[in-house]
Amino acid sequence: MSNAFQNYYTPPSSANWTGRVDGSDRSHLRWHQIVKSIHLDETENLSGRFVLLGYACDEGVIRNLGRAGAAKAPQTLRKSLSNLPVHQPQQTDIIDVGDIHCHDSNLEASQEALGEAVAHILKKGGFPIVLGGGHEVTFGHYLGLRKVSDKKIGIINFDAHFDIREPQDHKATSGTGFYQIAQQEERFHYLPIGIQQISNTQALFNTAQTYGVNWIEAQDFDVTNQVIIQDRLSSFIREIDQLYVTVDMDVFAAPYAPGVSAPAYNGILPNPFFISVFERIITSPKFVSIDFAELNPAYDIDNRTAKLAADLIFRIVKLL
């Protein structure tokens with residue numbers, strides 16, 4: 001790893017993984033009893049392993065005039081994950097490799113560091129699960145994917161927002177990630193799910209159309225449209241080689257996800273239909289990485305948002 005990377009990297013601590021102990025037999029275990037904390041430089045063969053990497057940054061949210069606090073999300077997510085029961089196969093390994101920070105407000109440098117970390121995990125055969133952080137996590141995550149792959153990367157973004165703003169004064173924010181990616185891709189493969197008309201200006205819809213984006217609005221994400229939605233997913237996944245998924249927690253209705261920078265009172269519901277779509281996506285053989293963005297513990301209620309994100313991570317580890 002580069003010297004520049006080390007400026008933004010904090011190694012993991014096993015002290016972050018504590019919780020209830022019901023016994024030592026595997027049928028009694030919880031995640032905090034099996035997660036291994038390993039310095040990223042010390043990881044060798046990660047084949048078949050899930051690798052938790054925190055992105056403790058909300059500089060992009062601050063630049064985007066949002067509510068600060070998402071930098072605390074990785075630690076909060078670890079707490080919610082710690083007490084999850086172990087239901088995955090015995091051979092499943094979960095590794096925590098620590099956090100990428102943005103101590104000096106240099107968002108761009110922290111995104112480069114994140115990209116370096118993601119690339120390292122992928123090269124070693126691991127499956128990155130990145131714990132954001134603001135949605136500026138997307139561009140850094142993408143940089144890592146591109147460092148190791150020249151294949152067609154498709155991105156499914158569960159989000160109330162397009163996040164396709166053009167950077168002003170060459171400064172990235174939590175809302176510019178997909179615009180930045182579009183500039184680097186010969187063909188932009190992007191499917192946002194959960195878009196809200198009241199959360200995006202007409203200019204953003206126009207920009208999405210300019211780049212050939214097909215989206216699914218929150219009001220249309222319903223079991224009555226399941227055939228159309230499943231067809232859209234099949235068509236999108238068929239056109240790409242690798243699938244990266246990003247989940248912005250503000251896509252969900254505020255009663256389920258109050259702890260975000262920009263809560264959506266009428267967001268999508270984490271109901272059986274959503275779960276069926278999510279599980280369909282993550283069981284695609286093209287699925288290579290995921291991140292969770294915009295959890296803001298300062299505004300969460302009873303850890304609802306953190307628990308929802310933890311539930312989705314639980315499903316990934318159990319099903320893959």
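Numbering starts at 1 and runs along the chain as it is shown here.
Note: Cβ is positioned from N, Cα and C throughout, glycine not excepted.
Keep in mind that this is a model prediction, so the values were computed, not measured.
Features reported for this protein in TrEMBL:
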{"type": "BINDING", "residues": "HIS135, ASP159, HIS161, ASP163, ASP248, ASP250", "note": "Mn(2+) 1 binding site"}
{"type": "BINDING", "residues": "ASP159, HIS161, ASP248, ASP250", "note": "Mn(2+) 2 binding site"}
Q: For ASP163 (Mn(2+) 1 binding site), list the number of other Cβ atoms lying within 10 Å of its Cβ atom.
A: 29
Q | Shell of the Mn(2+) 1 site beyond HIS135, ASP159, HIS161, ASP163, ASP248, ASP250, same chain only (C-beta within 8 angstroms of their C-beta centre) | A | ASN157, ALA160, SER174, GLY175, VAL251, ALA262, ALA293, GLU294
Q) Taking the binding-site residues one at a time (HIS135, HIS161), which has its Cβ surrounded by the most other Cβ atoms within 10 Å? A) HIS135
(Q) Cβ within 8 Å of the Mn(2+) 2 site centroid (ASP159, HIS161, ASP248, ASP250 excluded): which residues? (A) HIS135, ASN157, PHE158, ALA160, ASP163, GLY194, SER199, MET249, VAL251, ALA262, ALA293, GLU294
Q. Including all protein chains shown, what's the count of other C-beta atoms within 10 A of the C-beta of ASP250 (Mn(2+) 1 binding site)?
A. 29
